Amino acid sequence: MESYLNENFEVKAKHSSEETLEKWRKVCGIVKNPKRRFRFTANLSKRYEAAAMRRTNQEKLRIAVLVSKAAFQFISGVQPGDYVVPEEVKAAGFQVCADELGSIVEGHDVKKLKFHGGVDGIAEKLSTSTTNGLTSDSGLLNKRQGVYGINKFAEPETKGFWVFVWEALQDMTLMILGACAFVSLIVGIAMEGWPKGAHDGLGIVASILLVVFVTATSDYRQSLQFRDLDKEKKKITIQVTRNACRQKMSIYDLLPGDIVHLNIGDQVPADGLFVSGFSVLIDESSLTGECEPVMVNAENPFMLSGTKLQDGSCKMMVTTVGMRTQWGKLMATLSEGGDDETPLQVKLNGVATIIGKVGLFFAVVTFAVLVQGLFTSKLQGGTIWSWSGDEALQMLEFFAVAVTIVVVAVPEGLPLAVTLSLAFAMKKMMNDKALVRHLAACETMGSATSICSDKTGTLTTNHMTVVKSCICMGVKEVGNNNKASFCSEIPESAVKLLLQSIFTNTGGEIVINKSGKCEILGTPTETALLEFGLSLGGDSQAERQASKIVKVEPFNSTKKRMGVVLELPEGGLRAHTKGASEIVLAGCDKVINSEGEVVPLDEESINHLNATINQFANEALRTLCLAYMELENGFSPDSAIPVSGYTCIGIVGIKDPVRPGVKESVATCRSAGITVRMVTGDNINTAKAIARECGILTDDGIAIEGPDFREKTQEELLTLIPKIQVMARSSPMDKHTLVKHLRTTFDEVVAVTGDGTNDAPALHEADIGLAMGIAGTEVAKESADVIILDDNFSTIVTVAKWGRSVYINIQKFVQFQLTVNVVALIVNFSSACLTGSAPLTAVQLLWVNMIMDTLGALALATEPPTDELMKRSPVGKKGNFISNVMWRNILGQALYQFMVIWYLQTKGKAIFNLNGPDSDLILNTLIFNSFVFCQVFNEISSRNMEEIDVFKGILDNYVFVAVLSCTAVFQVIIVEFLGTFANTTPLTFSQWFLSVFIGFIGMPIAAALKMIPV
C-alpha cells in the first residue's frame, strides 16, 4: 500500500508542480462527493487564470515602459490634453478622477503626469500635502473614499450554512439511497398503507438527513475557523503621515493622497508616485513575473501595488487603491486558486481510493450473493415469474445494503479529517502566537529534525541598549547616571562627529506621534543608537537640517554596513559609515585619539580596538563600529560610497539579553531529537557567548564564520555540517547553502527563521519557513509558511509540538476508521455469503458511518498536544504514515470484533434463548448494539496507539467526551425508541449489559496488542 501511495499520491509540502497536483486527482478513483472531498484543495483552473493575467501584466508594463521612454524625447513640445474633470469629482473638492490616476501610474504615462504638474501637481489636485499628508477629518476621508474607493480586494462570497448542507447532499451514494428510500416508500405504502408501510423508507430518509446535517455543521464550523485565520493573515500595517504625524495604519485604510513611508522589504500597498527617497529598487516579479529589479526615482516615479522594495527607502503618495489596481484584480483571482493540498491530505485520498475500490468490489459481490439467494429460493419454489411486493422490497433492501457498504467502505472522511485537525491546530496556534500561512506547514513541522534560528529578536529579547563604548580609544561604561561625565571626557570635536554620525547615518527616525510625544522608529539596533545620541544631548532635527543628504546606502545583510554622504554647511562632502565592527575597522586607516586629533591607525591601535571588539563580544554584546571620511568634491551621487580610507570614530557595545525560557525550549528540542543551530550575522564571539547561554553550543559542537564556511569543499562540508551549531557573520546565501545541504545531502526536515528581505531565499528553500511577526519584513512574511507573532523561539517549539500533535491525531483517526471499515465490510459480506442476509441494515450502517466519519474525526483529530510528544524522536522524511504499530492495532482489533459478531450471529440465539418470530430482529439488534459499542471503546483505545493508559487527560478534551456521550445516548434512543425506522427492538437489561461488555472487552485486548513488539 505504502509503495502505491508513494508512486501515485506523493506531493511535496511546498512548491509542488501543477502536473503533480493534476496527477493524483486523475488517479483518485471512487469519489462519493467531489464538492466536499476536494473543497480544501487548489483550484487549478483559477491558478491558470492568474498566470495568464500575470503574462498580460508583463506585456502591458513592457509596452508602458517603452512608451514612457519614447515620451521623454517629445515631452517638451506637447500641449496639455483635453482632460475634463467629472462633475462629481469637482463637487467633492478634487481635480482629478480615479481612472485618470490609474492610467497615469499603471501606464507609466510620463506625458499625462507632466500635464497634471508632476507629483506636486497631482498632490494639489488630490487635496493633500507631500509633507503633512491627509487630514484626519472623518467627513473628508469618507468623501475621498466615495470618489476613489477603498484599498480592499474583491473576495469570494463566504458560504452560508445551507450551502454546506447542499454540498453534503451532493454525495452520490446518499442520492442513490434517497432514490431507494423513495421507491421503498411508494411500494411500502401501496402494500401496507400509511404509516406502517413508510417506516423503512422514512428511516433511510431520516438517517440521510442526520448524516447531511452533522456533516454540514462540522464543515461550516471548519470554514469559519479558516475565515478567521484568513483575516489574521491579511493584517498588514504600514507607516503613514497624516495630520503631519507619523502613525501605523492598516493598509486597508489607505486612501489616494496618503503619504506612505516604505523601507527595504516592504510591499507597496497601493499604486502610487515616488515623492522622495534613496536607492529605491523595486521587485515587480509578483505582478509581472519579471525578475530584473526596477530603479524608482523622480524620473521614473511609478510604483505599483503588490511589488516589493528590494533596496532603499522612500516616501510614496498613494494614487490608486483596491480593485482599480492590477494587483487587486490579480489577488481576487489568486485568492480563488486556494492553498496547495497537503501531503497527508493527498496520501489519505490515496488510502480512501484503495479502500473504496475494495469496498465497491465487496458491495457488488454482496449484492450478487443476496440476489442469487433470493432467486435460488424462488426457482426452487417455482415462482420465478411471479413477484410479490415483499420480494420487491427485499430486492430494494439488498440494493440499499450494497450501496450502504460503499458508503461505509469509501472513507471520504479521511482526507477531510486532515483539514479538520489542521483547522483546529491552526486556531489554537493562533492563540499561542503562531500564524500558519500554509496548511502543509502545520503537519511538516511535526517531522522537523533541524531548526536554523536567527539570534537577534528570536533567541534574544530585541530590546537593545548601548552599555559600553570605545570612543577616542577610551573604553567606557554607558549608564544613565554618568552621561555628563561621559561627554566631558571626550573632546568636543569628537562628540560633534559622533552625534552627526548617529543622527544622519541611520535607518531610524525620531518623530512626533499622535499624542505629541517623541517616538523613535526603526530597528532595535537603530533605536538603541538614537537613544544613545539623545542621551548625549544631541538634537536629531538640528543635525539633519544642518547638512544635506546626497546619497544613502541602506544596511543590508550581505554588506553588513550602511553609509550616507552629506554636503556640509561650510562646503565639502563627508561620508559616514557604520556596521559590523571588524568589517568597518578593516576599511579604516586613521582614528581619532584621546585628544580629538585624527592620527594614522598603527598596529598598536588596531590591536587595542580588536581586543575591545572581542572583549565586548565575549560579554555577549553586539558591536558596531562608526567611521567617517572627507570626500573630494568630485563625488557623484551615482557612484558607490567608498569602503576604505575611513577614520574610526569609535565602537559601541549593545546589550540584547537572552529571552526568558529559551534555554528550556532548546533543551526540549534536544530531547525531541531536533537539532537547533544559530545562524547570525553577528560577531562570532557574541554569537558563541549567546549560544552557550541558550544551551545551543555544546563542547562537541562547532562555531564557524560565514566566509570560512563558503570556502569549504563538498567533502569537507559532509563532515563539517552535522557538527555546526553556530554560524556567525553569515550572509543570506550561507544560510541558503546550509539549509539546502541539510535538506538534500542529509535528508533532514529543516525549519528556518528569518526576518529580513534577504532571508527570503532560505525561507523559500526550507521545509518550513518561519518569519518574525514584529521584526520581519513583508517580503520575509510572504516567503514564510508560519509567522511567529511574538518573535519568540519558545513559540517555534510550540509550533513543532502542534505539528506532531496533528500528525499523530490523524494517525489515530485513520487507525480507528480503518478498523470500522474492515469489520463492517467483512461482517456484511461474510454474513450475506453464508446466511443469505445482512445483519446490519442500511439505516444502521449510515449511523455507523457517521460515528466513524464525522464524529470520529471530531473526537480524535482535535486532541490537544501533550508534553510527552516532545520526548519522541521526529518522524523525518522516511517514516511510513500507516505504521506497523497501526497495522498491528487495526488487524488485532478487527479480528476480535469480527469473531465476536460472527459468534453472536451463529450462536446468539442459543446463548440468549431467543425463540419465536422476533428472534432474528432481537439478534440483529444485539449484533448492531455490540458492534457500535465496540467502536465506542475502540475510539477510547485509539487515543494512544502505543501507551496502555488511554484515559490520561481524557477530561481535558471536552470535544472527545461530548462526542462519546452523544454517541452512547443516541445509540440508546435508536435501539429503544426508533425501532420501527432502524429495524431494532428494545433490549432487556442483561442484553444491554452484554452488548456494552463485549465492546468494553475490546479495551484490554487493545492494551494486550500494544505489548506485542513490531
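Keep in mind that glycine also has a Cβ here, set from the backbone N, Cα and C atoms.
As recorded in TrEMBL:
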| type | residues | note |
| --- | --- | --- |
| DOMAIN | 115-189 | domain 'Cation-transporting P-type ATPase N-terminal' |
| TRANSMEM | 172-191 | transmembrane segment |
| TRANSMEM | 197-217 | transmembrane segment |
| TRANSMEM | 354-375 | transmembrane segment |
| TRANSMEM | 395-425 | transmembrane segment |
| TRANSMEM | 818-840 | transmembrane segment |
| TRANSMEM | 885-905 | transmembrane segment |
| TRANSMEM | 958-979 | transmembrane segment |
| TRANSMEM | 991-1009 | transmembrane segment |
Inset, instruction - Rank 172-191, 197-217, 991-1009 by Cβ pairs under 8 Å to the transmembrane segment (395-425) and hand me the top one. - result: 172-191
Legend entry - Number of helical, extended and coil residues in the domain 'Cation-transporting P-type ATPase N-terminal' (115-189), per DSSP: 46 helix, 1 strand, 28 coil
Legend entry - Stretch contact, the transmembrane segment (991-1009) with the transmembrane segment (818-840), Cβ-Cβ under 8 Å, 3+ pairs: no
Legend entry - Tertiary contacts of the transmembrane segment (958-979) (same chain, 6+ residues out, Cβ under 8 Å): 203, 847, 851, 855-856, 858-860, 862-863, 925, 928-929, 932-933, 936, 939-940, 943, 985-987
Legend entry - Beyond the flanks of the transmembrane segment (197-217) by at least 6 residues, Cβ under 8 Å: 36, 161, 164-165, 167-169, 174, 177-178, 180-185, 187-191, 393, 397, 400, 842-843, 846-847, 849-850, 853-855, 978, 980-983
